[in-house]
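Per Swiss-Prot, these features apply:
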- Asp465, Asp585, Asp586: Mg(2+) binding site (BINDING)
- 185-198: compositional bias 'Basic and acidic residues' (COMPBIAS)
- 233-242: compositional bias 'Polar residues' (COMPBIAS)
- 267-281: compositional bias 'Low complexity' (COMPBIAS)
- 282-302: compositional bias 'Polar residues' (COMPBIAS)
- 338-347: compositional bias 'Polar residues' (COMPBIAS)
- 393-634: domain 'Reverse transcriptase' (DOMAIN)
- 1-183: region 'Terminal protein domain (TP)' (REGION)
- 184-382: region 'Spacer' (REGION)
- 185-347: region 'Disordered' (REGION)
- 383-723: region 'Polymerase/reverse transcriptase domain (RT)' (REGION)
Amino acid sequence: MHPFSQLFRNIQSLGEEEVQELLGPPEDALPLLAGEDLNHRVAGLNLQLPTADLDWVHQTNAITGLYSTQTAKFNPEWKQPDFPKIHLSEDLFLNYNNFCGPLTVNEKRKLKLNFPARFFPKATKYFPLSKGIKNNYPDFSIEHFFAAATYLWTLWESGILYLRKNQTTLTFKGKPYSWGHRQLEQHNGQQHESHLQSRESSSMVASSGHILHKQHASGPSSFPTRDLPNNFFGESQKSARTGGSVREKIQTNRLGFPGKSKITIGQQGSSQVSSPRSKSSNFRNQTQANHSSWNQRHPTWYSTTSNTTQSRQREETYSSDSAFKRHSPSFEHEKSEPSSSGLCGGTESLNNTGTSTFCLWRSFYNTEPCGAYCLHHIVSSLEDWGPCTISGDVTIRSPRTPRRITGGVFLVDKHPHNSSESRLVVDFSQFSRGHTRVHWPKFAVLNLQALANLLSTNLQWLSLDVSAAFYHIPVSPAAVPHLLVGSPGLERFTPSMSHTTIHGNNSKLQTMHNLCSRHLFNSLLLLFKTYGRKLHLLAHPFIMGFRKLPMGVGLSPFLLAQFTSALASMVRRNFPHCVAFAYMDDLVLGARTHEHLTAIYSHICSVFLDLGIHLNVAKTKWWGHHLHFMGYVITGAGILPQDKHVQKVSTYLKSIPLNKPLDYKICERLTGILNYVAPFTKCGYAALLPLYQATSRTAFVFSSLYHSWLLSLYAELWPVARQRGVVCSVSDATPTGWGICTTYQLISPTGAFALPIATADVIAACLARCWTGARLLGTDNSVVLSGKLTSYPWLLACVANWILRGTSFCYVPSAANPADLPSRGLLPALHPVPTLRFRPQLSRISLWAASPPVSPRRPVRVAWASPVQNSEPWFPP
């Protein structure tokens, strides 16, 4: 059925004879469809511009336009995902060689791009820590704040993020990579050799905050270490109580003079440095005691451990007694015995660098409640709130990392169909904007026709999903200052509280109770049921940098595509009779039988697990002969969109109001939805040309004719099938004639009036397809070869897409084109049509490795019939 039959019959300005002529033979109808007058008459019905007195429609039942924003919905019961301990094997290249032989040049190139991934932008803009967690949910700002902070700590627990300890030190959990060994300071509580060799000074501050002393020649020295629980967020574990020993060490101060000091060193595996039996007390008494002693010594809220002179201050700072007593108060809890190095006894404590930090949460112990909704009631309800911060297994040196962030974070639904789980969104858009934006490398995108040529086979299909695929790729430690995220802590909810309060100023004490409010009090009570004592840790500010590849950077999709394509190449070389390809985090396998596919799947899961690659077993899909990939259903007959996309298009089209001006934002969104299914319609993308013209900041009025025509067009979908070269012909054109040449005949029709040469060439190709039935056409017009007919008149472009659907084109130079003379009205002697090299679109996609033929020569010592068949290499159909 002609696609315009219903449309032409509903146009009142067209007579019956004119309609029959337009729907008649193609040699008569196609030149008329290219006429400017007819296209203007049809466009006048479908492109009515809105008058000035009509208001634009900004929202339909399913599509929102200008001035209608969709408010984000926060789910208080969002589930935090559990990330596996992702760590790619250090000897990945060696394991590759063991499993599938030597790596190819392309595989080496792709893997070297990812081990480690490097990211060094031209310029980096740093933002204050107060913008670390975006307030995208004003009604649930407190709940979203703690949920986002918990998500970041979960990523740190999984070894995906670094934790900034100071501007030159980072800590993380997991195993270090070889390229970071030179930056190691501490690994599993032991000082690393590279760090000891690089420091020639007599004393240094370790990553845990203790004082490390140079080994004396008289005897070995044991460094003070601490062990945190393996899972801080899980059940509290009882730490072994081991006594400490007091040893005297020769210490050289910073000025070079020797001196003696006493250091309390606990045994390995102990989390208590001082004697827990003699000094144990509950958290409340310890906090009050320290606070009262401070007030006796110092009249102001802030204090230092030094005397007034600078030399005395340096000596006290590096003295083990003064620093150690303040830094590690010992206390005990009935369930857990947290690490003393991370706990501050009073409202002020020493951090990892030896400077004083302010704990807002513990400050409420030492103040009187300001009312019924004071946070003092919550803080005083629990004896032990745990440490203010925690440290990882490994500590490394890093480039200067400021106390700033480079991108904010917020939580959203995992995907539109799963609102029970959350996903972290990181905004690193600064690297894609402005004159300093980073130009990301381009990579090939799968073409629809190429997918049909490669995958439209009768194979058994299986799709695998790499769990947290981006977080498999490590990032160079030097790139950490450019990929910083963080949380401002509880002080964010008090605008009047300054982060830069100097010593001797008690403004924090005065403004501390500005936090207290009924809303915050009730929210923290509810959050305490969820987070428990971890609420104290989340209330502290922190800064983290990405150790693995983040999803918010434009470089990430390119690197992930290189990584997964290398995995697919390994699978293809290890299983020659298997089809394997990858797109982003999806790995697709194909085999001739289900049993063969099951065996391949079992082996791949084992190999990937040995390499440190985690597969999401829950998302493994066995598709049979109907592969679902990228929203398409791929079968042996071709490719069609999934039913959910077809229903979505139908719903959106039916919700469009008629004879009302729609704003251009609605037109843009509707065009994007229709574009996804357009290749499967008769007229293709050309049917949406009127909508494309309306997206240029103008409104669009849907007439009943155009609306009903689109509904009928999208109600009948045709699959995109494989390109097969069977019958071929060659076409050429002049402004007044066409020429068609096949192996058996020459055709030379003429036109009634002159046409542009580009229009005549596409009409000649349509006539050759209609008269000869050839699916392989040769032409010398580059526009026809591209298949993009949207630059032609609208009616001609729609009909040409319908006629040339499923046709392949080959370039034939004009000098060698046998249809050149027939197009000029000359009929020479019939010559054989030149052989057209049919090259279907493959988009440089590799699906399989050629299976080498088996040698027909057998060893003489083999006395039985070999089960190996002598055959040619197998290629998938």
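Heads up, the Cβ atoms here are built off N, Cα and C, so glycines get one too.
Take the CB of Asp465 (Mg(2+) binding site) and look out to 10 A: across all protein chains shown you find 15 other CB atoms. Counted over every protein chain shown, other Cβ atoms within 10 Å are most numerous around Asp585 among the binding-site residues Asp585, Asp586. Per-residue confidence over the region 'Spacer' (184-382) averages out at a pLDDT of 45. In this structure, Asp585 (Mg(2+) binding site) belongs to neither helix nor strand by DSSP; it is coil. The Cβ centroid of Asp465, Asp585, Asp586 marks the Mg(2+) site; residues of that chain outside this set whose Cβ lies within 8 Å of it are Ser463, Leu464, Val466, Ala469, Thr564, Met584, Leu587, Asn616, Lys619, given in sequence order.
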